[in-house]
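Per TrEMBL, these features apply:
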DOMAIN    A:17-93  domain 'Pyrroline-5-carboxylate reductase catalytic N-terminal'
DOMAIN    A:229-361  domain 'Ferric oxidoreductase'
TRANSMEM  A:184-208  transmembrane segment
TRANSMEM  A:228-251  transmembrane segment
TRANSMEM  A:272-291  transmembrane segment
TRANSMEM  A:326-345  transmembrane segment
TRANSMEM  A:357-380  transmembrane segment
TRANSMEM  A:400-420  transmembrane segment
Amino acid sequence: MLHPLASGDGPEPELMCIFGTGDLGRSLGLCLLQSGYRVVYGSRRPHSCGPLPEGAQVMTHEESARSAKMIFVCVHREHYEFLEKMAPQLERKVSPNPFCVFSRLVPKAAVVKGLNTLSTWALQNGLLAGRQVYLCGNNGEAKRDVAEMATKLGLTVVDKGSLSAAKEVEDFPLQLFPEWRMPLYVAFGLSAFFFLYLVIRDIIYAYVENDEDISYRIMISLANKITPVVSLIMLSLCYLPGAIAGFLQLYRGTKYRRFPNWLDRWMLCRKQLGLLALGFALLHAIYTLIIPARYSDRQRVISNVKKNTTTPLYFDNTSAWRTDSLYALGILGFFLFVLLGLTSLPSVGGTLSWREFSFVQSTLGYLTLFLSTAHCYIYAWDKFLRKSTYKWYTPPDSMLCLIVPSVTLVLKLVLVLPCVNRPLMRIRQGWERNRLKDEMGELKATNM
Amino acid sequence: MLHPLASGDGPEPELMCIFGTGDLGRSLGLCLLQSGYRVVYGSRRPHSCGPLPEGAQVMTHEESARSAKMIFVCVHREHYEFLEKMAPQLERKVSPNPFCVFSRLVPKAAVVKGLNTLSTWALQNGLLAGRQVYLCGNNGEAKRDVAEMATKLGLTVVDKGSLSAAKEVEDFPLQLFPEWRMPLYVAFGLSAFFFLYLVIRDIIYAYVENDEDISYRIMISLANKITPVVSLIMLSLCYLPGAIAGFLQLYRGTKYRRFPNWLDRWMLCRKQLGLLALGFALLHAIYTLIIPARYSDRQRVISNVKKNTTTPLYFDNTSAWRTDSLYALGILGFFLFVLLGLTSLPSVGGTLSWREFSFVQSTLGYLTLFLSTAHCYIYAWDKFLRKSTYKWYTPPDSMLCLIVPSVTLVLKLVLVLPCVNRPLMRIRQGWERNRLKDEMGELKATNM
Amino acid sequence: MLHPLASGDGPEPELMCIFGTGDLGRSLGLCLLQSGYRVVYGSRRPHSCGPLPEGAQVMTHEESARSAKMIFVCVHREHYEFLEKMAPQLERKVSPNPFCVFSRLVPKAAVVKGLNTLSTWALQNGLLAGRQVYLCGNNGEAKRDVAEMATKLGLTVVDKGSLSAAKEVEDFPLQLFPEWRMPLYVAFGLSAFFFLYLVIRDIIYAYVENDEDISYRIMISLANKITPVVSLIMLSLCYLPGAIAGFLQLYRGTKYRRFPNWLDRWMLCRKQLGLLALGFALLHAIYTLIIPARYSDRQRVISNVKKNTTTPLYFDNTSAWRTDSLYALGILGFFLFVLLGLTSLPSVGGTLSWREFSFVQSTLGYLTLFLSTAHCYIYAWDKFLRKSTYKWYTPPDSMLCLIVPSVTLVLKLVLVLPCVNRPLMRIRQGWERNRLKDEMGELKATNM
């Protein structure tokens, strides 16, 4: 008997066929056997194909395909030609996990794509439980069978429609953070710009004008200027597209026209922009906390003491208020930012109700942006007025980075004014300026 | 032909009907089409209802309802009256996602509630995968169909029973952190109390008695006194109800009588109390770490140097031990607290076995409480004895905040004494003081 | 009528039978009732068994078993003998959640194991949603029924095959972090060794040779030397087995021979090693950040000022570069380490594609190891040359801890050399040095 679990008195477990006895085939076979299926391997040389999982059989391709319900093709794409010859046997068989080629070669097989997102490594290490797989296929019944099988392996199945619609599923395992690409470019570009700007304004300026070598500042001081600046700009870039979209809807008087492509794409990468901003904020926090432990900072304290060793110490209450407010705003902003980040964890965000999620992402998000911007304004403080700030006639980085967040906050402020907010809300509920009001019973159910 | 995926050779995909061509209806239709369903919209003016997802049809309400298996009602509650007239067509149709009204209007339709927790926003952005939906309905078969459909959209379905039992499901999307309300009130109340207390004792006292303006301390020093105090009290409030429950069971001699309502509600919000305490602890940690970077702290160092510039420096070993122990206990306590917080993430806690979870939440939790309380005792140290501590005859905050955690720890200590623990364990395994022992084969299986 | 939800017009909900009216039985019954099942309890004294969930019936064991489809045995193992007598009634009934004994006593019942991983506590608090349960059983149909029931309760079901294969499932709820045991031993052993080593080299040495009492350093200074050392060693122990495996495959010329047992077990606990290392790194970070707030550090600053109060301050650019680089590398390494830790959260790691996961775990992991090792090299810096470093002829801890990471990085460097990497890649794709190449169409499909 084939069946390793023959002691059960239920119906015999289903037979799965795997073409290819390579690494992927072996791991997959083991997983299927552990989940109670019977497994038969199809091989062109069934008698010399190396060690296979215990309990599995090996046959020729033709034999193995005949009795099985599903056929997993775990063979390199280059060796697909043998499938063509087998077309009659494969007719009406379910075949999960094949590459595109397969469905062209054997048009009558019920092809279901999506398991290709699983790696040999995950299969070998029992890491399937809870992983998502996207299935697509033209044959509903076949898809249901594959979904059932995948569920038994502990996978979470998401139906992605027909084969034609699912080029993306195929490319999925080879993608490297596609939705992170744009935000990463932005982060990298901003960092590089501010790095160059600060090297020139701080290090080279000090060297040229004061003949001072403060190049050691690159490691921490400069990094601690770049990270907050990039973090604040990217955080406001998270909220700017939403504000722009609001104004666009107001201007157009309807919400039924698509946004321009650049705005659409911008809105889709808000989450990634925000998480990158959080990363930069975290770095900024650690860089700031390490300051008092630095050699240069300690020397500065000592030299401060030495400078005015005779005069009595003057305690400036304004300075105390200012630095403490600076830190307090920064800490609170960072704290809220961490909360925002936590709710973007799939397992946390998934438990929030709709209103909770929108409260966190919108209200808390704008509060974070406001606190961070205020933190930066207090840092810039009276630098606006001092002439020494404008080294070589350039504005300091703390001024440059205030532009985008200030604009975003002003736009948002305008949008929440009652006289602006009311028409916008009506538009968002489906009202259109240039059209007859829809008939009753038909109206937009935005808040359901 | 209706069907956009007609190339498949399987059975024709099911037809879903959506009443209402608003925002929600359009997003939902798109999702359904992507998952391989056919979609038909029901509209009172099928010929002028704006842009709809590609592949969907529009008909009148009556026509669309006739052929479909499920009907999604995406129309504002106010416009429900048309449904009444359609009652005959809706009979025996499955209708997920309706409001309460619907099931009263069309009593013979098989109503399944729960999809209303999904927002238009989530539908538009493909954020369905992994989200939980709670289904309830009186018709088992209809519920099964809706569950299957929801699963295909990638949702995780939790069955919540019949319609009558599920008022809560209906209100779910409109709730704003209901289980957080009580703990948030507690946190806010405690913070406000200690803020006032400290403003009077520290700032106003210094101003009145010493004519000193130290109002700048509000931003960080005061916050850094409030956060640890509130955090410690709330952490102990997490563990106090469990101890009280133990004593109550001992006193009653049985575990089969319900706890009083206040205790029940208290026990149910322990997780939220603990997470809020963790938030306060995190703020306390950052506030403490920022201290040496503050202007006031630097001035203090400089003035310290100036004060005794001639006398040789005296290194007090006891002070060194004390502050280092203070910090070490705080750090270890915070570290364990973060571990506790991590296990309360759904995706982490879900992978723990029962014994692991109870080990983390009980043993590690009490250890955290013990370390934090010790941290606070070392901070209070010899202040108990100094007269200057009792400004205006009030005890310092560090003493006030030790009351609840000390009581909690003492109660727990009593409960783990063998002579108290043994009867309690017996009670928890089902033994009752005032009742005949249950017959064999019937006994409480607590630890299964 | 039994049924509390009788208003539905669908088929009558299924009847579940629970043996035992203890804590577990009551909680389970309540959950089942909430999910729309009917529940009947089996008890030997049906008329005196305490409060039961509303809507449930109580009968004798025999009666209750007769009509139900599934029977949950919630009775202590010691009281199983009554089941033997009931064998005829239990024949062909589905029984989830029994202990091993049950299937021996009633061999004809369709036993499905796995629900025993649920605790009374989880059942009482509605914490089922999203939890994983492992089912195993010999009867496929019974398993399917139980899986369907479990899914209705919101559980995620993973099929683990037949009863015989599933001793592990049974022991699961009683396990206490089994996969963490080995890494915890390693962490504890390393910590204890370095603690003793540092106590002798630092504290006792200072006492014996300089007659100085610096015992206060145990609390923070020593901890802050132990944590980074253990963290770095454990992080490199994460990556060492992978490198060793590479060399072993190169030496053997095939990947089809099993690794020795110790290597296999080592590879399986890499995740836990890494997470523990992250914990130690976090402690190290906090310990470092707290340094400037410590009493001893402040005294040191003051004494530094006093020592050279007359000489002008000399600012050493090299020291500034060195300490800033030390901190910058540490911060960046820690930041990447936190990212690595985040992707090991089930809910985050599960959303990564295969290539993303391998990029994070391999490329980012080695980068983290490299940065941390560089951080440590900069710390050790010129200590190699100073004679005063070798107290009592022992090397400092910062040198000891560099051995394992340096070896790991050198091994990895060798493995990525093109002349070594190419044959290794071929071996990993299935090529074998001592075997005829497999026929076409059969070849290893590693990267699918």
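Glycine too: its Cβ is placed from the backbone N, Cα and C atoms.
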Outside the transmembrane segment (A:400-420), six or more residues from its ends: residues with CB under 8 Å to it: 197, 228-229, 232-233, 235-237, 239-240, 243-244, 246-247, 250, 366, 369-370, 372-373, 376-377, 380
Intrachain residues whose Cβ lies under 8 Å of the transmembrane segment (A:326-345), provided they are six or more past its termini: 235, 271, 274-275, 277-278, 281-282, 285, 288, 352, 357, 360-361, 364-365, 367-368, 371-372, 374-375, 378-379
Tally of DSSP helical, extended and coil residues in the domain 'Pyrroline-5-carboxylate reductase catalytic N-terminal' (A:17-93): 31 helix, 15 strand, 31 coil
Distal contacts, the transmembrane segment (A:357-380) - CB-CB under 8 A, six or more residues away: 228, 231-232, 235-236, 238-239, 274, 281, 322, 325-326, 329-330, 332-333, 336-337, 339-340, 343, 349, 396, 398-399, 401-402, 405-406, 408-409, 412
Overall pLDDT for the domain 'Pyrroline-5-carboxylate reductase catalytic N-terminal' (A:17-93), taken as the rounded mean: 76
Summary of DSSP states over the domain 'Ferric oxidoreductase' (A:229-361), given as helix, strand and coil counts: 108 helix, 0 strand, 25 coil
